[in-house]
Structures are given as C-alpha cells and as structure tokens.
Amino acid sequence: LPTMADIPELEPHNAFDTILTLDFGSQYTHLITRRLRELNVYSEMLPCTQKLADLKFKPAGVILSGGPYSVYEEGAPHVDPAYFELGVPILGICYGLQEIAYRLDNTNVIAGTAREYGLAQLKAKKVNGHVDRLFDGLEDEFNVWMSHGDKLGKLPEGFHTIATTPNSEYAGIAHETKPVYGLQLHPEVTHTQNGVKLLKNFAVNICGCKQNWTMAQFVDQEIARIRKLVGPKGQVLGAVSGGVDSTVAAKLMKEAIGDRFHAVLVDTGFMRLNECEQVKQTLAEHLGINLIVADASKVFMEGLKGISDPEQKRKFIGNKFIDVFEEEAKKIEDAAAHSETAGKIGFFLQGTLYPDVIESISFKGPSATIKTHHNVGGLPKRMTEGQGLKLIEPLRELFKDEVRDLGRQLGIAHEMVMRHPFPGPGIAIRILGEITPERVEMARKADHIFISMIREAGLYDKIGQAFAALDPSRAVGVMGDKRVYENIVLLRAVETTDFMTCVAFPFEHEFLTRVSTRIVNEVSGVCRVAYDYTSKPPGTIELE
C-alpha cells in the first residue's frame, strides 16, 4: 500500500509555494512558520541538519533560524552549503545571520561586549535596488526584539549594511547581487514592530510566494490526496476521541471517501465523564459518520497495572490501541465482504498535527527525549515500518488554529470546533504515577467540576486547554475534625494560539477558591488542590 508521501505532487510543499525554515534550536523557530502561514504563505520547518540532497521539494525561499549556540564553537550546528547554491532567496535570523557571515569568513562573528536581550531601537539604512527590498515600505526607525550575545564583528565581503542598533552595527545585512539577507533581530516575535511586514517582504516580494495557503484551498487538495491514496475500493479505519483533531480528521475522511471510512471509538476507560455518549451524538447523529464503539477498558486497566513511567504508559497505550483497531478492522472487513463497499481495510487515520511533528523533529542537539508524543512516537514499529495498517495523517501539516478553520470549512459546529484538546491516552497521562480505577474516578470527577465551572464563568473559549490531573503524592489534611492523608489534584489551564508555547490562564483568586472547595467536598479521596502556573517552555502543557 502507498503512503501519503508516495503522492508527492499532492503534498502541500509541492502544491503551494513553500518557505523552508531550517531550525537551529531557537525557542522562537516555530513562530517563523506560524507567522508565514498567517500571511497565507505555506511554510515548513525542518532541523538544520536537513541535507538539500534529501529534500523532497524545492522551496521558494529558505530561512535560517536563531539558536542557542555560538557559530565559532566546536560542535556548533552548520547548514548544508548546498542551500546557498540552490538559487533561491535566503534569510538568516539571529544565529542564521551569523551562520551566513561565518561560512564566508570564520573571523566575521565575535562575542559581543554587551549582550542584547529585549527591545532595541533599529535604524534601517537605504542603499539601492534589491538590497533595500527587505525594509521596503517600513519606517526608518522602529523597536525590535533582540536575543543574542554574539554579533558580527565586521561586514562580510560582498554585503551591505541595511540596519543597525545601538549594540549591533550590522543588525541587518544584504548581499550586493544575490538575494541573501541577514537580521540580528527576531521578526517572528510579536514585540518586534513591523516583524510580520519584514517576513512578508521576504516571502512575498523577494521570494515571489503566492498568498494562497487557506483552508478552502487545502480541503480540496487534501480530499484529492486522500482519494488518490486510498483508491476506489480502499477502506480506512480511524481513531476518534471526541476531540477537535479526530473529529475534523473524521469529517474530512467522510467527505473524501464516504462510507468507506469507519470511525472507531476505543473506550479505554480513560475518557472524560459521559464522553462516549457525547461522541456518538456528535459523529454518528450530527455528522453522519460510521461509528463503532469498542469497549476495551478492562484490557487497558489490566495492562497498565503497576506501570508508573509515562513513556511506558504511552508505549503500552499506543500498542494496545493498534491491537484493538486491527481486531475491529477484521470484523468490518468480514461484515462488508459481500457488500458494495467491500474492500480491504488498509489504512489507519490519525489526527497528528504539525506541532506534534515539530516537537519530534526540532533540532535539540544531543539533548534527551522530553517525551514521546502519543501521535508520533508512541506507535508500535509495525505501524512505522510498513507492516499492518498504513498511517494516514491528513492534518499532519496543520497548526491547531488551522484545524479549527478547517472544521468550520467542513461545517462542524462552533462548540465542537472550539473544544479543548484531549490526549489520545486520555486521563491515563493525567494521573501521575500508577493508575488504579479509584484514581481514574478521582481525576475524572475533578476534571468535570473544573471544566463545568469554567464554562459557567464564560471562560471556556478564552482558554486554549484546561484539565485536572492527579499528583502521585498525598498530603495531610483535616476533614470533619479528623486527620486525613489523601490525594492532591493539580489544575492546569493555559492561554495559547499554537500550543507550541503557552502561559497559565490568569484566573481570579476567588474563582480558583470556589473550584478547590467543590473538588475537595465532592471528590472522595482528595484533600488538597493546587493550580499550575508554569509556562511552556519550560513546562509542557500535559504533565506526562
């Protein structure tokens, strides 16, 4: 069976003008791709180690991101020199600027006498011709966001200075004849005035990209890709959880191949309160999707007995999910053997998103795995090595807000499109430590109270994601004049647009007090509630 990568002409980077962002490890790199997408220019991010010879498409332009390294240090990452022979415009940002200068002369980059973090006043310098195109239409002076220690000690040969700041004489450079530019500032960060305009000047005016990346365009393209991949008889099995990602993916598949798509809800025993009934109502009744509910709660609970390590939890859940799905596939094939829709079930639909992919491929140097994403690394080898069902991931190139836009395009109701994300492993990864039926019930009830109160307060759509989790520790409390030693509930709610970064939602103290009181009073076995104020980075949104 083919995979989506086997139809290269229908992949977005071949169907749309594409800016390739090479990631050198900056915390801001994903924002470059996001800002370009917001300009309706398609962009993909790959690690800086990506060799041009292995690239499966020709980008309209290349951006070299920032990074935490010094280009002159041993072991620092460097871009494949072949990109500079590709003949497309190149923009270096922060470390990327220094990489451009360093490859021409390894004495061009020096350690700055004063580090430059935060806002700085930038002055643009007009030269002539194509050199000025990056700052075309912008005022001569504006505030920009800086985050660097090293800087250019001298102007690289063949370049002009196009911008300066008080601490960086060469804050912007452009080649005299080639479309190669460098900026010490970070245009992708919202604190930079005119940052989006700078990126637009590069992508649209210099690279010539069409601004046609929209979900209206994508949906037609993706339906064509799905139909070509699956063929006229192929059948697809899809995991649904009630979350926005799986619902949008299921609806897209329904539009592409109709009743040859079979949605399966695996009741792992780790769903939210009344989740199964809600999913049935949404998918089967409202969206007309074939839905099968497979109750595997006992199997999952039994298999996770004694497992506390989050990586082991994810791997077990990923493996068991596929086991259940392959069993359901056989049942569906047998039932449809003599019908008009008879055909082999060869594909497994998954709602993987672009942030999942970025977190799995971004350049981290020698650092250890933070955590395997349940949609990327938590699957058994037979799924990733071409055995059994083939993965089909129609949302793999999309950010969360793009998925919501796609859902609206497909006619999915607002309350469904705006639903908070829910991880594939469910409550299992919101219970830190060992999972027991009693702990699942505590986490489920606490979560229901928290989300219900958020909705009642009219805050649900203002929050990117919210949930209650169960800490592995216990704490002393006094309840009914008795000393107790019971569980701790952790509340988490974040503001985010892309789920790559986030900050804690600023609830009023009185609201959190009311939530805490209700949970302690109504959830047996809980005596304490805490609110998690950690941003991402350094934290992640989910706790496991």
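Placed from the backbone N, Cα and C atoms, the Cβ positions cover glycine too.
All TrEMBL annotations are machine predictions without curation.
According to DSSP, S246 (ATP binding site) is assigned to a helical segment. Under a cutoff of 8 A between CB atoms, and with a sequence separation of 6+ in the same chain, the neighbours of S246 (ATP binding site) are G238, A239, V240, G351. Annotated ATP binding site per TrEMBL: S241, G242, G243, V244, D245, S246, T247, in sequence order.
The domain 'GMPS ATP-PPase' annotation in TrEMBL covers 213-419.
Sequence-distant neighbours of V244 (ATP binding site): residues of the same chain at least 6 apart with a C-beta under 8 Å from its C-beta are K400, V403, R404, G407, M416, V417, M418, R419, P421. If you count neighbouring Cβ atoms within 10 Å for each of the binding-site residues S241, T247, the highest count belongs to T247.
Taking the domain 'GMPS ATP-PPase' (213-419) as a whole, pLDDT averages 83 in the prediction.
Taken residue by residue with DSSP, S241 (ATP binding site) is part of neither helix nor strand, so it is coil. Counting Cβ atoms from all protein chains shown, G242 (ATP binding site) has 23 others lying within 10 Å of its own Cβ. Less than 8 angstroms from the CB of D245 (ATP binding site) sit G351, L353, L395, K400, V403, P421, each of them six or more residues away in the same chain.
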